[in-house]
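Contents: one structure, followed by commentary.
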Amino acid sequence: MAAEAQFARMNGLGNMILVVDMRGRADAVTPTAAIALNADPATRFDQIMAIHDPKVDGTDAFIVILNCDGTKAQACGNGTRCVVQALAAETGRKAFTFQTVAGILNATEHADGTISVDMGKPVFEWSRIPLAEEFFDTSRIELQIGPIDAPILHSPAAMSMGNPHAVFWVDRDPMSFDLDRFGPLLENHPMFPEKANITLAQVTSPSSMTTRTWERGAGLTLACGSAACAAGVSGARTGRTGRKVAITVASSPNRGTLTIEWREDDHVVMTGPAEWEWSGTLDPSTGAFRRDETGAAAL
Ligand SMILES: N[C@H](CCC[C@H](N)C(=O)O)C(=O)O
């Protein structure tokens, strides 16, 4: 049995996150532990954000991201805001720099409690998304589902925010689509050798859209931050919106909002809330956990 690690159950717009404090130790949260934690209704989650000691100078932590099926993810926008809130509560600091497998992320907590994360630069090159087929222009790739002459979803914008995304444009509320049926087919489509996060986006004005996402490795989640980034960038890239959009996440409680700005320097900045629910300790090798009785926010 591994020594216990502190964790906090948190959420970003309903995206269920476990922030696990792995600082000062060499082991990792195992896929077995992730699967066990997800199997218990009390600790069911979409992503684990494991905070490890920094590996490079100038960063505060190295973050490892696990999906609820035990696979690794390269990016998680909602989870990153949760990590910022937990570390800000612990240290009183407002600005952090993290390293992930996808690169360096800078993040800031604002006075109103919202958190901005610089999610880095989008990647459009087909081989780096990655797609299985060469596309010169990945803003509209050939892919459709439904009847060949009347597809239900077609021609998504494909891109990477560190993790692979496909954004399908729809002309009505994304909640009115059978995403639980189409999501698995598209996530696992041969076009996406590393699978993909699948988002439906309805543009509602040049500065707003409504989204809903089927997540790679997690399925239908209440919200997905990196998908909101992908939708915002794809809206601007295809001329549907400007470079700053308010994204209503249709599936989240009270249809919450994320603001996505694709800055002129090519960085994508996501701003939104994070919420602490409760804290506890867990065994990172097995997933056995205990809930703290104090009821105080802690990592
Ligand atoms: N919920 C996350 C995304 C998790 C990504 C994951 N599903 C994958 O790429 O495998 C977010 O807020 O960005």
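Backbone N, Cα and C define each Cβ position, glycine as well.
Note: Cys76 (active site, proton donor) has non-local neighbours Ile17, Gln47, Met49, Ile65, Gly225, Ser226, i.e. same-chain residues 6+ apart with C-beta under 8 A of its own C-beta. Reduced to three states, the DSSP call for Cys76 (active site, proton donor) is coil. Residues annotated as active site, proton donor in TrEMBL: Cys76.
Of all Cβ atoms in the protein chains displayed, 35 besides its own lie within 10 Å of the Cβ of Cys224 (active site, proton acceptor). According to TrEMBL, the active site, proton acceptor annotation covers Cys224.
Marked as region 'Disordered' by TrEMBL: 279-299.
Annotation source TrEMBL lists compositional bias 'Basic and acidic residues' at 289-299. Taking Cβ pairs closer than 8 Å, the compositional bias 'Basic and acidic residues' (289-299) reaches residues 4, 6-8, 19, 21, 37, 40, 42-43, 51, 86-87, 89-90, 276, 278-283 in its own chain, all 6 or more past its ends.
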Ask   = Does DSSP give Cys224 (active site, proton acceptor) helix, strand or coil?
value = coil
Query = What are the DSSP helix/strand/coil residue counts across the compositional bias 'Basic and acidic residues' (289-299)?
reply = 0 helix, 3 strand, 8 coil
